[in-house]
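Participant: Before I ask anything, let me first share the structure, which is written out below as structure tokens.
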Amino acid sequence: MSTDNKQSLPALTLAAIGVVYGDIGTSPLYTLRECLSGQFGFGVERDAVFGFLSLIFWLLIFTVSIKYITFVMRADNAGEGGILTLMSLAGRNTSARMTSVLVILGLIGGSFFYGEVVITPAISVMSAIEGLEIIAPQLDTWIVPISIIVLTLLFVIQKHGTGMVGKLFAPIMLIWFLLLAVLGARSILDNPEVLQALNPYWAVHFFLQYKTVSFIALGAVVLSITGVEALYADMGHFGKLPIRVAWFSVVLPSLVLNYFGQGALLLKHPEAIKNPFFLLAPEWALIPMLIIATLATVIASQAVISGVFSLTRQAVRLGYLSPMRIIHTSEMESGQIYIPFINWLLYVSVVIVIVSFEHSSNLAAAYGIAVTGTMVLTSILSATVARKNWHWNKLFVGLMLVAFLCIDIPLFSANLDKIVSGGWLPLSLGLVMFTVMTTWKSERFRLLRRMHEHGNSLEAMISSLEKSPPVRVPGTAVYMSRALNVIPFALLHNLKHNKVLHERVILLTLRTEDAPYVHNVRRVQIEQLSPSFWRVVASYGWRETPNVEEVFHRCGLEGLSCRMMETSFFMSHESLIIGKRPWYLRLRGKLYLLLQRNALRAPDQFEIPPNRVIELGTQVEI
């Protein structure tokens, strides 16, 4: 390792603490309280405390440390992670039928994330503000308004980017984790008996003693690992090593100490179950703890918001969501983006959730079902990658998958009990997003197939135009072409109605590759089809935003000189008609029409000056 790398590792590790671990790092605010609140038919009993602590500890070890940190993070696409990346990797070396199944699993996982992302900011911030109940019980009616005010400020500043305040995230979260560790260790020293719960015997004993109820109680235990997907999703920002170092050196020890510290407190003072996290702190430290807890939960919420922006961009670029405005808030960091529509849709949803559920304990009933569902899908997809891409031994992969699912499926099944009490919310939101993504992808494919049914050969048409050319006009015309060997509709209609052709015609195709970035050397491919026709294929990764001006610059370097303000861009605008279909497909067609009407137009999507664009309409039945 070079000196530079040695210097950068601590900085990247600190940055990872500030972003990646915000969600899982604020789980101690509410996890143990929900486990022992009495909802499962038992209160703060010694065996229950030991059982829950043992389950939480071994879940952190097995699911986070072994499954995600050690195994899942091996599956990267040019350093990038996330459920859609895993879906893409899993489908590379499989049959078409198997790929379709894997795509559906990946989209379900992505949809689950959208469902859970509405709950995370609400439960995190509310659980911090609820410290007011300990400091000043008379202010408990202000918890909901203050939570909304805090989150409103967070969503408002999104359009300005988080580059400046983001520099504060890491030191604040480091202070947070150190406080977790200190408060927990202080309580453990006062009652070291609690360390017996490190023995997995207590987890087994918990199931044997409480039987069926213990299985349902797993729905509360899973709160301790919510946010685990962020470790994999944010891998591209910081790299594997900093995330792993941060987990084992700071985050895991701090979480374990704090959970066991809360357990030690509850063994001596069962009445502290009202809010064991804040009651760990001495009375004089309650107000500072409330402030730092609020800041930590805001940072956790910011990480989730940034995550949903990144997932949305990836889904748009891969063709699963309609084009929408994506604003880059940093000239230095391509990952810092702002999507206005998603931002305000998420804000309204979060406010509705806070007003409806009123307390973090009520929200806890809705939390976890989407997380555990994603965990099941991640296990299946990552095992597929291990077998098909890495060519690991079939028996070993099978045993590993069984081991993962033996944890994931019971956790998911236990959370199904939450559907009536609130779990319906993330499931409903996830179902909506899955419907939207599959509708856009399938109907877009149907539309393109119909548009390409005319069957005219591009080469034959170009040859015919060169032999018997129409009237030529000076300048360059660019026709946006979705497929390489298909005549663009705009070109057909321009010849049909205007009966003219520019002196130079460029057929431009912008395509998204199965990689986060494409090197500038491979950005454009130029092919001269005839003396006056050129084909340009510009490739972008799914983390990049296509820019026609940049394409022209690269073309100039390759010998094809183009000037934006001397070029006319011809695009087709499709007016869609829904043909004869079964009723359910008609509904899907109407949803697609709605999505298309609200999609970002191509000139805005590719940053083409509006005064250089000519749109030619065509009617297509789908």
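A Cβ is built for glycine as well, from the same backbone N, Cα and C atoms used for every other residue.
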Participant: Write down the single range among 9-29, 576-596 that appears in Swiss-Prot as transmembrane segment.
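Facilitator: It is 9-29 that Swiss-Prot annotates as transmembrane segment.
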Participant: List, by number or range, the same-chain residues at least 6 past the transmembrane segment (101-121) whose CB is under 8 A from its CB atoms?
Facilitator: 23, 83-84, 86-88, 90-91, 94, 151, 154, 226-227, 229, 297, 300-301, 304-305, 307-308, 311, 315, 320, 346, 349-350, 353, 363, 366-367, 370-371, 373-374, 377-378, 380-381, 384, 425-431, 433-434, 437-438
Participant: Under 8 angstroms, Cβ to Cβ: which one of 9-29, 49-69, 213-233, 247-267, 337-357 has the largest number of such pairs with the transmembrane segment (163-183)?
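Facilitator: By Cβ pairs under 8 Å, 9-29 leads among 9-29, 49-69, 213-233, 247-267, 337-357.
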Participant: Mind pulling out the one from 9-29, 49-69, 137-157, 213-233, 419-439 with the most Cβ pairs under 8 angstroms to the transmembrane segment (337-357)?
Facilitator: 137-157
Participant: Please give the sequence-distant neighbours of the transmembrane segment (276-296): residues at least 6 beyond its ends with Cβ less than 8 Å from one of its Cβ atoms.
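Facilitator: For the transmembrane segment (276-296), the sequence-distant neighbours (Cβ-Cβ under 8 Å, at least 6 residues beyond its ends) are 22, 25-26, 28-30, 32-33, 125, 128-129, 131-132, 134-135, 150, 172-173, 175-176, 179, 183-184, 186-187, 258, 261-262, 265-266, 269.
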Participant: How about long-range neighbours of the transmembrane segment (363-383): same chain, 6 or more residues beyond its ends, C-beta under 8 Å?
Facilitator: 30, 34, 63, 67, 71-72, 75, 83, 86-87, 89-90, 102, 105-106, 108-109, 112-113, 115-116, 119, 122-123, 126, 219-220, 222-223, 225-226, 228-229, 232, 353, 357, 397, 400-401, 404-405, 408-409, 411-412, 415-416, 418-419, 421-427, 430
